[in-house]
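Engineer: One structure, as structure tokens, below. Some questions next.
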Amino acid sequence: MSGETYVGAIDQGTTGTRFMVFDHDGKVVANAYEKHEQIYPEPGWVEHDANEIWDNTKQVIDAALSSAGLDAEQLEAIGITNQRETTLVWDRETGQPIHNAIVWQDRRTTDRIETLEAEGKTDDVRAKTGLEPDAYFSATKAEWLLDNSDPIKLQRSRPEDIRDRAADGELAFGTIDTWLIYNLTGNHITDVTNASRTMLFNIHDMEWDDELLDEFNVPRELLPEVRPSSDDDYYGTTDADGFLGAEVPVAGALGDQQAALFGQTCFDAGDAKNTYGTGSFMLMNTGDEAVMSEHGLLTTVGFQRSGEPVQYALEGSIFITGAAIEWLEDMTLIDNAAESEKLARSVESTDGVYFVPAFTGLGAPHWDQRARGTIVGMTRGTRREHIVRATLESIAFQTRDVAEAMESDSEIDLSSLRVDGGAVKNNFLCQLQSNILDTEIVRPQVDETTALGAAYAAGLAVGYWETLDELRENWQVDREFAPKDPQNVEHRYGRWKEAVDRSLDWAREE
């Protein structure tokens with residue numbers, strides 16, 4: 001492969017880190033993956049070790065390049081995509097985090113959001129950020145870190161108030177993209193898509209919002225510079241004396257769901273995709289208009305290229321989909337994710353069983369932080385096959401909840417939906433989704449479109465690809481699933497909504 005050049009993408013996800021290398025045709029030429037530990041200090045709390053994530057990032061880059069016989073000099077650029085909202089704060093001098101990263105799934109700041117609601121401030125937050133105020137986003141996580149991190153972890157002679165150090169500019173806040181850009185280039189930068197998920201960023205003015213910073217007591221000195229998702233000026237370059245041994249431009253970054261939108265070439269208003277990962281996230285490009293939702297969806301930044309207007313998106317965030325399959329493994333109902341398809345096919349129906357996987361509350365369009373996982377309709381005749389099938393159906397039903405809200409807000413009927421993510425390898429799920437949505441499901445040949453989107457953003461910035469049309473030509477269909485065999489879909493969907501109602505407000509304090 002000597003002489004050829006490529007673009008690399010770091011895909012830092014909830015459960016692990018991947019590095020992929022793509023050629024001009026958008027084909028994968030190298031790929032490596034490493035899991036990291038999920039840390040659960042208390043019920044409802046989820047943390048990651050940011051140093052472990054950085055170590056794994058270096059490992060997968062080395063492993064991918066080695067496996068394909070590539071040198072770092074053959075990379076024209078690196079793009080980054082990441083689990084969004086996950087939040088950390090680190091010491092600028094030592095580069096060490098002051099606490100584990102607080103993961104997007106973490107619910108420790110639920111009470112803070114309820115205080116915001118009680119004070120009547122949610123409408124203002126929603127108007128500025130496009131987000132439904134929730135512990136999911138970064139603002140309350142950053143506030144918690146500044147209030148609760150152990151100052152001894154700063155490894156200074158004066159273990160004093162972290163807030164003082166933050167105000168003095170000695171600490172840095174970031175989502176995972178910022179952490180990786182910092183470690184790769186030494187620069188403190190985020191992109192517009194990740195900034196839009198912090199609940200501190202005004203998506204209309206496209207800047208950090210002073211009123212929100214005051215509300216959550218986050219000093220501006222803590223914050224990164226906000227740059228386009230595809231940046232002709234680059235975020236910086238890797239160090240020739242560092243682990244890569246080459247100066248490679250780091251030129252693109254997008255939150256994982258926006259990266260998938262970009263990788264699916266959803267460049268025009270009305271284009272939509274659904275990504276099935278730990279959670280599921282449906283995004284529809286709304287062009288240069290920030291369409292504010294009246295049906296429980298989020299309005300967010302889709303992407304921005306250098307010198308061009310911001311492209312916005314409507315988003316339906318479903319917290320638990322693929323993680324429900326992992327739960328089946330944890331409960332030893334299946335040995336691996338692939339077995340779920342076989343078991344689901346082995347029964348004609350769920351036999352009246354409905355599973356609402358609200359392990360961390362419910363996202364769009366319900367937004368109930370105190371909803372909890374619920375299985376209804378079981379009898380003595382219920383078998384594991386029924387529960388497995390009900391789990392897959394829950395993914396499709398939750399997606400329909402979001403799709404109906406999206407059609408109402410956008411006034412666009414979904415005639416086709418592009419899908420990606422690990423779960424779309426499951427043909428049963430794709431067909432089930434088509435039936436329940438009564439919509440064509442289109443699966444691309446490259447299903448890891450999140451990494452591809454990050455590569456496209458970086459590659460466009462350095463001229464590896466010149467136009468969006470080149471990227472559209474790269475997009476190839478693997479399989480299309482047309483609706484068939486509805487099996488009382490409307491009745492089943494009605495029963496699903498009843499099951500959701502049973503799950504709501506369960507974890508309330510007596």
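Every residue gets a Cβ built from N, Cα and C, even glycine.
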Engineer: Suppose a student reads Swiss-Prot and sees Thr14, Arg84, Glu85, Tyr136 listed for sn-glycerol 3-phosphate. Which of Asp233, Asp239, Asp241, Asp256 should they find annotated at that same site?
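Structural biologist: Only hit among Asp233, Asp239, Asp241, Asp256 in Swiss-Prot's sn-glycerol 3-phosphate site, alongside Thr14, Arg84, Glu85, Tyr136: Asp256.
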Engineer: Cα within 10 Å of Arg84 (sn-glycerol 3-phosphate binding site) is the criterion; apply it to the binding-site residues Arg18, Gln257, Gly322, Asn426 and give the hits in sequence order.
Structural biologist: Gln257
Engineer: What is the nearest of the binding-site residues Thr14, Tyr136, Asp256 to Thr278 (ATP binding site), using the Cα of each?
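Structural biologist: When the Cα distances are compared, Thr14 comes out closest.
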Engineer: May I ask for the distance between Arg18 (ADP binding site) and Gln257 (glycerol binding site), taken between their Cα atoms and rounded to an integer number of Å?
Structural biologist: 15
Engineer: Under a three-state reading of DSSP, tell me whether Gln257 (glycerol binding site) is helix, strand or coil.
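Structural biologist: The three-state answer is helix.
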Engineer: Same chain, not part of Thr14, Thr15, Thr278, Gly322, Gly422: whose C-beta falls within 8 angstroms of the C-beta centre of the ATP site? Give them in sequence order.
Structural biologist: Gly13, Gly277, Gly279, Ala323, Glu326
